[in-house]
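Enquirer: Got a structure here, written out as structure tokens. Questions coming.
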Amino acid sequence: MSQRDQLKKARARKRGKIAIILIGLIAIYVWAISGIEFRGIQETAGPVTKNILKGFISPDWSYVYSPDGEDLIRGLLETLAIAIAGIFLSIILAVPVGLWAAKNLSKSFITSQSGKGVLSFFRTLPDIILALLFIKVVGPGAFAGMLALGIGAMGMLGKLYAEEVEAMDPGPVESIAAVGGNKLQQLAFGVIPQVLPGFISATLYRFEINMRSAATLGLIGAGGVGTALIFAIQGRSWDRVGIILIGIVVVVLIVDLLSSALRKKIT
Amino acid sequence: MIDTKLNGPLPAKPSRWPFYLFLLGLFAIVLISAIYIGANPITFIQNSDNMVDLFVRMFPPAWSYIATTTPAMLETIRMALLGTTIGMIFSIPIMFLCARNIFRLRWLVELSRIGLNILRTIPDLLLAAIFAAILGFSPLAGIVALSIFSIGIIAKLSFEAIENIDNGPLESMTAVGANKLQWIAFGVVPQILPHFVSYVLYTFEINIRAAAILGLVGAGGIGVFYDRALGFFAYDQVLALILYTLVVVIIIDLISLKIREKLL
């Protein structure tokens with residue numbers, strides 16, 4: 001067979017492959033679209049959309065602060081408090097599990113793998129489902145939300161911590177061991193100074209996610225500004241929905257900016 | 001001559017007080033937050049029998065519930081698929097607008113970026129709650145919410161990829177007189193396509209997880225059943241749902257990871 005024929009054959013094979021991929025994609029989309037129950041758009045969709053947009057343009061500024069009772073500032077502060085207390089809980093939980101899951105700290109493969117298994121199990125549990133379960137344990141409110149975030153963030157933080165530890169330089173630990181440092185001293189003076197910037201950066205990153213998560217917890221009754229939002233939606237007071245969304249966007253943006261500035265400084 | 005004191009007194013150790021004060025401040029913030037939300041460890045301990053009860057009642061998981069909820073699970077996958085696809089289509093123009101090396105109009109680029117950043121601050125579940133109010137309690141609300149949510153992720157990751165492309169092909173195309181559209185189609189697209197597809201798949205993984213809970217605010221999918229099972233205190237059904245979702249998520253992650261590895 002000449003080289004030309006071979007090239008032709010290779011091209012035909014490639015085209016065949018692309019065709020198979022395309023047919024597969026089309027089949028998937030046909031399956032997806034045909035399965036969606038389309039019940040038609042509500043008649044109210046138009047007016048409601050108009051009202052929401054109107055709510056954004058002229059939001060209910062009076063809701064921002066009221067001396068007595070529920071207002072936006074208190075809701076946002078509660079959300080912030082849930083995110084802060086939640087991240088603190090997850091740091092406490094994630095440091096030991098992260099060290100447990102780090103390959104280079106444990107002697108046997110099974111130890112680190114079991115730690116990784118625990119972490120990936122917790123990573124797949126959505127914060128909202130955890131919050132629903134904690135509501136059943138401690139009752140509705142911000143405490144349930146904080147516990148959910150604490151446990152939910154542990155999986156991700158632990159994984160990031162473990163990766164940070166695995167990427168560190170073994171030199172300092174070995175030299176501390178060589179001069180007779182015990183395990184605790186190796187950890188305190190060999191491991192922690194090296195991984196601390198990475199740990200802080202990972203924690204800040206997760207804190208940004210916590211803020212968004214904390215804003216949604218209220219939708220299911222676990223405290224924070226989401227509670228006010230779901231009441232406003234149910235009560236069709238769109239100007240209030242507008243101001244709450246604006247408040248969430250502003251606070252999340254500020255937290256993002258501060259956190260990314262800090263992270264840039266650290267690493 | 002400069003007086004060098006090799007054996008002079010050691011410089012004073014920098015004071016550690018600022019650091020300790022900083023730690024104390026952080027701790028105070030955490031404590032105030034905890035008090036503000038009424039986080040009381042004693043409540044937790046007092047209610048720990050609730051938790052034990054919850055765990056005990058979770059076992060054995062109600063496996064039969066998996067058959068009941070399979071249509072909803074398929075709906076969840078459909079929602080994630082369509083949401084990701086629509087988001088992908090809309091993020092294509094947005095990601096080019098946000099990339100500094102494509103458009104020379106600075107104000108347009110910066111404005112698009114600010115818009116994208118604002119969009120990215122709104123959590124998926126909030127979007128779903130709002131669209132459920134607009135479009136009614138249906139999967140459609142979930143699809144629209146996921147589409148908007150996907151734009152934020154795909155456009156953000158992709159415009160960063162665009163900004164990191166190799167300038168060589170672009171310069172040679174300009175040199176031979178290509179117009180803007182040709183420039184993008186043959187200079188930019190081939191370079192970012194693998195990254196773009198990879199980001200779309202990654203977003204699909206996130207959307208599967210998101211779609212599984214959208215039902216809690218009435219936006220379709222399997223989340224509706226969480227609400228129902230928890231309402232009836234049927235924790236064995238809840239566990240079955242959690243495990244079912246877990247398996248589906250893991251399978252889709254594996255498939256997506258395999259494709260992404262092949263791409264890059």
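Note that Cβ sites are derived from N, Cα and C of the backbone, with glycine treated the same way.
The annotation transmembrane segment is assigned in TrEMBL to A:20-41, A:80-102, A:128-151, A:187-207, A:214-235, A:241-262. Positions annotated as domain 'ABC transmembrane type-1' by TrEMBL: A:76-259.
Map these features onto the structure and tell me what's around them.
Expert: Remote same-chain residues near the transmembrane segment (A:214-235) are listed as 70, 72, 75-76, 78-80, 82-83, 86, 127-128, 131-132, 134-135, 140-146, 148-149, 241, 244-245, 247-248, 252 (criterion: CB distance under 8 Å, separation of at least six residues from the stretch ends).
Cβ atoms under 8 Å from those of the transmembrane segment (A:241-262) belong to residues 52, 55-61, 63-64, 72, 75-76, 79-80, 200, 204-205, 207-208, 211-212, 215, 225, 228-229, 232-233 of the same chain, restricted to positions at least 6 beyond its ends.
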Enquirer: Short question: which residues 6 or more past the ends of the transmembrane segment (A:80-102) have a Cβ under 8 Å from it?
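Expert: Residues 111-112, 114-116, 118-119, 142, 145-154, 157-162, 164-166, 187, 191, 199, 203, 206-207, 210-211, 213-214, 217, 223-224, 251, 255.
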